[in-house]
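Asker: Please see the structure below; I have some questions.
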């Protein structure tokens, strides 16, 4: 800018010259010379850091404004800096008065609350703008109108933290604070348990320079995985080192830091640990203009002398520096809007306020600017920042090069912006719908996972080999194949370890877990790949992937032996009750037929049809004939008894219809009962087990099957659990192998998963599954609760399912040699063992008829005994003479001695065996004699009857 010059020669000083000089000084010089605006800064210093970062940012901003004349073309910004010790409020007040005496337009700093309150009271009394860039304890007195604070409001940050906790669905949170102000900053979160289902545990860090490892050890023991740290970035850097030392820098922990300088820390050691680390960022590095300023700052800092170790990246601009930079720019913008801004010297002891103070304060509060920390606007009432954004950032392993500067590239590489929190609209997570397919293996690639499992055929078995095997090569089976497929998809490595106690995982009465579930809870394992059932109680303490196999509980029992066919198995088609009812029906029908036949007149007939006037009538349906009619119909044989009356024919027809159905049903069932060897089992379902106590039953101790019966509310299963719990030493087994051996050797039924039963029955034909499935469940891959691997494992399992590999693996390990068919498709031929009883019945009938004939013989002999009581032998001969004859005749007898004696019978038999000629001659001679004898016997019997009559 060119400047006007006036030359005044000596001796020419006149009155006009004086007026010209006065005009130049009053009008020309102010328009042509730049205006100077002075601002003051009060900054604390420490012993090892003579110049703090806020002072450097203050100078950097003033220099940038003076170099870029577009903002203040006619004004030069100057500053006065005063340094004080920490927490020295008296020195801060004295230095503030010194700067006000110099005529500063605004005061910046200090940072700590005790000093800032003293300076703020002076500025408020003299009506000078006070600019703050640090968190300040909220003041109860609202009369402090002459200050603004660019640091986000504590209540807003507290709401942002609470929104994130709710978004992540954390049910248990640990808050670790550095000093008492942390409880004020997080009061919205601390009040959360009263409104939300969140448990909050509050802990305090030890004083400065104290070891925090005991606190971290206690947190690790208590399994506190979600931790919020409220501390400075220096403390955060030290805490992270101790967390790494304690082995708590794993993927199961999620740390959130409230400091806005988390992004500026050197976290290279923790990037590949898998830990979840989240924080806020106020710098708007997405803006190219902001990135360029950060690069300039970084270049200047790298050229400066090295600073003490603070854990920050070299040359990184902190949030404090960015806020101070923006604060200086806000004052510059306000001064640019003021046409004339003349600041006079102020004296603290006079209490005379600045004349331009209120106007300048309003200009600052009304200013709008997109600075390094985003859009800046103020609330005119309290001077606090409003409508601001907080970037939500998360630590990651690899990133994309999106920025041009080295510092910005590093920020994009280490941190990922996953959302934005706005003071008005709240939380907006922009990373919720990210493309998983492109980045699915980021956290698993080349990572070695500890896998816990249990020996269980065919899921995990020792590999058979002549050479010693080590590591994962020791094992084979379904779960090892599944692990291999998951590893191929996700790219991780794994180390398989057997669970020490050999149990799946159950909870005792004290709430303590064992088995593989405990391994996951204690984070001694990353995955549990085994036949681990997904249950409600386990889901509360660990996470599960989607099931890779579905199944249910069933009963393993010995195959029943085939029933040996009995000789009377032909009776099996009808139950004993039916046989009895059939016999009773036969007797009943016979009696009814006898009564009706006697009652109806149409069943009586004349035995002498040639003599129609005869008064003698007869009835064929005697009691014995009626019974014989019923038996003949039942046996499907004729009895030569014909009912004549309609009533008796109705009885006969109904009886025939009854016998038709009975015989048809018997015939239909006879084939099945005689040709098929029946397999009878004492139990057919869980209900059968529950109803008896002879067969002992149980499950694997501390397994999901045992837990199912223990927790079940169904009466049948409650009864079964009562049985098992009363006999725990004998009913519950240690593992499946022990249970299978008991099933084979004793009268024991094992309750286990259907897939395991399927495998066992394929290899042992003496075992079988009884009944259907008691429940329905699935096997899943277990992970510690909150594990980042669960979703990736689930996606990989679904991929294997769609490709059919899960089915192929099951076919590979379940397929056995197979067992022979239990039942032949063709009916077997009947043997003596099937129908031998029929021959026994026939023989018994023949023997019975012989004895009945003898009985009839004896009975008739007694009845027809002569009056003159002959001997036993003569009575026998008499009976034979009267009963055994060829045909009736009334001719005379040849004598008693010749009546069909034993010799006559033998003679007749001998004649029949001779030749034809001799047979005819002799038969005529002997036959005539015998025939005459028979007639004589008959005649004598007739005469005796008449005599007796």
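Positions of Cβ are set from backbone N, Cα and C atoms, glycine also.
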Asker: Report the candidate from 485, 738, 753 that shares the L-glutamate site with 531, 533, 538, 704, 705, as recorded in Swiss-Prot.
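Answerer: Answer, per Swiss-Prot (L-glutamate site with 531, 533, 538, 704, 705), from 485, 738, 753: 753.
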Asker: Can you tell me which of these residues Swiss-Prot lists as N-linked glycosylation site: 561, 620?
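Answerer: The N-linked glycosylation site feature in Swiss-Prot corresponds to 561.
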Asker: Between 430-450, 451-471, 493-513, 577-597, which stretch does Swiss-Prot give the note transmembrane segment?
Answerer: 577-597
Asker: Residue 784 and residue 865: same side of the membrane according to Swiss-Prot?
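Answerer: Taking the topological domain names from Swiss-Prot at face value, residue 784 sits across the membrane from residue 865.
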Asker: According to Swiss-Prot, transmembrane segment applies to one of these ranges: 814-834, 835-855, 856-876. Which one is it?
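Answerer: The listed stretch tagged transmembrane segment in Swiss-Prot is 835-855.
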Asker: Which one of these stretches, 402-422, 633-653, 654-674, shows up in Swiss-Prot as transmembrane segment?
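Answerer: Of the candidate stretches, Swiss-Prot labels 654-674 as transmembrane segment.
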Asker: When you look at 531, 533, 538, 704, 705, 753, which the record names as binding L-glutamate, what is the longest CA to CA distance in angstrom?
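Answerer: Binding-site diameter by Cα atoms for L-glutamate: 17 Å.
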Asker: Quick one: DSSP breakdown of the topological domain 'Cytoplasmic' (598-653) into helix, strand and coil?
Answerer: 25 helix, 4 strand, 27 coil
Asker: Can you count the other CB atoms that lie within 10 A of the CB of residue 766 (N-linked glycosylation site)?
Answerer: 10
Asker: Rounded to a whole angstrom, what is the C-alpha distance between residue 74 (N-linked glycosylation site) and residue 704 (L-glutamate binding site)?
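Answerer: Roughly 82 Å, rounded to the nearest whole number.
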Asker: Inside 10 Å of the Cβ of residue 753 (L-glutamate binding site), count up the other Cβ atoms and send me the figure.
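Answerer: Result for residue 753 (L-glutamate binding site): 26 neighbouring Cβ atoms inside 10 Å.
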Asker: Please report the Cα separation of residue 705 (L-glutamate binding site) and residue 428 (N-linked glycosylation site) in Å, rounded to an integer.
Answerer: 44
Asker: Could you tell me the C-alpha distance between residue 446 (N-linked glycosylation site) and residue 704 (L-glutamate binding site) in angstrom, no decimals?
Answerer: 33
Asker: Give the number of CB atoms, excluding that of residue 446 (N-linked glycosylation site) itself, located within 10 Å of its CB.
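Answerer: A count of 9.
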Asker: Find the average pLDDT over the topological domain 'Extracellular' (31-576) in the predicted model and report it.
Answerer: 86
